[in-house]
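Among the features that TrEMBL reports, domain 'G-protein coupled receptors family 2 profile 1' is placed at 1-61. The domain 'G-protein coupled receptors family 2 profile 2' feature in TrEMBL is assigned to 77-328. Residues or ranges marked as transmembrane segment by TrEMBL: 83-102, 114-136, 156-182, 189-211, 231-255, 275-296, 308-327.
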Amino acid sequence: GCARDWDGLTCWPRATFGEVVKIPCPQFFEEFTSFLQRNCTQEEHWSEPFPPYTVACGFDEGSSKGPEDQKSYYSAFWRVYTAGYAASVTSLITALIVFAAFRKFHCTRNYIHMHLFVSFILRAIAVFTKDAVLFADETMDHCLMSTVACKAAVAFFQFSILANFFWLLIEGIYLQTLLLLTFVSNKKFVWWFIFTGWGAPTAVMFTWVLTRIHQQNTGCWDDDESGVVLWIIKGPILLTVLINFIIFINVIRILVHKLKSQEGGGSHSSHFVRLAKSTLLLIPLFGVHYIVFAFFPESTGLEARLYIELGLGSFQGFVVALLYCFSNAEVQTELKKQLCKWQYQEYLTFTHKQGTLSRETSPVNYVTQLSLLDKISPKRRTSLFQDGVTTV
């Protein structure tokens, strides 16, 4: 028969002699749901796809949406989300150092923020790792590639996404309880949050890996999933997104109520501004933008999905670090105090060195040092006495 074949756009599965294989157009031709066919010929070679890609998948020779243009488009998009994840990693690591360095910031709220920062960092690292392992070599045959390294990269990628969504959920749950109750500052709740935030994704990933090995151990585990394998990952993610969206709506409702009770008959415009600011702050923290495509099939609005989930999502870590660390008034005050302390210490060190140098180079100080040397050095006194006797 005919072996698996990668034609640069699609992976064609193994086929027996005379078999006709039928597959849908690649996902990046999102406007079309047509099918392509290839025949395993008598010479055990694949025939050309029919109808051709230019017909079945909706582009012609002069179209601006041909495969090369699509490739160029995705290459440019790769640069955008790579820059986004790089900015996120840099800002999140800096924010982690700030929260860890100052004891003043060691509290339940910031502990949860720090774990969320770590989940964003892992997600960015997982994206870089997956790109390096799976897509670094453009001549790679994606049909035949099925190594432990590429499967591990995809598994790590899936785990980082799960962990990120679970920690977004924990941020929502914590804020919800903070607005309703007052006992959540106890540190024992942090351990429950940590157990849920890292334990649940680990359990889901363990189940997914075992299911993949026994039911769909094909390629690098990055191909289209079906049935149980698909929902092992997608189910928990959809659940966290849905719960977080409900919490987001409820938190906004509580904020509206609190703002109204605080302002009484105050200005409606100031109330609206404060509410809008609070809402904008909560959107990246809760990951509310993921609700847009959460319950649609993967092939729906692929280009818009790329912009939202990869383009905007890659900068989400940067925005979270900016809003909840660098723009925080407490953090800014503490950093200014530390900067002033460092400057004062530098000034004291400088003045001390200057004073020492001025004393060492002073003529008066030199004469004083000689007189002290005469007093404290018996050898010098003895030698002077001997010189005096010899002279006489």
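Even glycines carry a Cβ here, placed using N, Cα and C.
Here the structure is a predicted model, which means the values were calculated and not measured.
Pairs of Cβ atoms less than 8 Å apart link the transmembrane segment (231-255) most often to 156-182, out of 83-102, 156-182, 189-211, 308-327. Counted over residue pairs 6 or more apart, the CB atoms of the transmembrane segment (189-211) and the transmembrane segment (83-102) come under 8 Å in fewer than three pairs, which marks the two as apart.
Averaged across the domain 'G-protein coupled receptors family 2 profile 1' (1-61), pLDDT for the predicted model comes to 73. Counting C-beta pairs under 8 angstroms (sequence separation of 6 or more), the transmembrane segment (83-102) reaches the transmembrane segment (308-327) with 3 or more such pairs.
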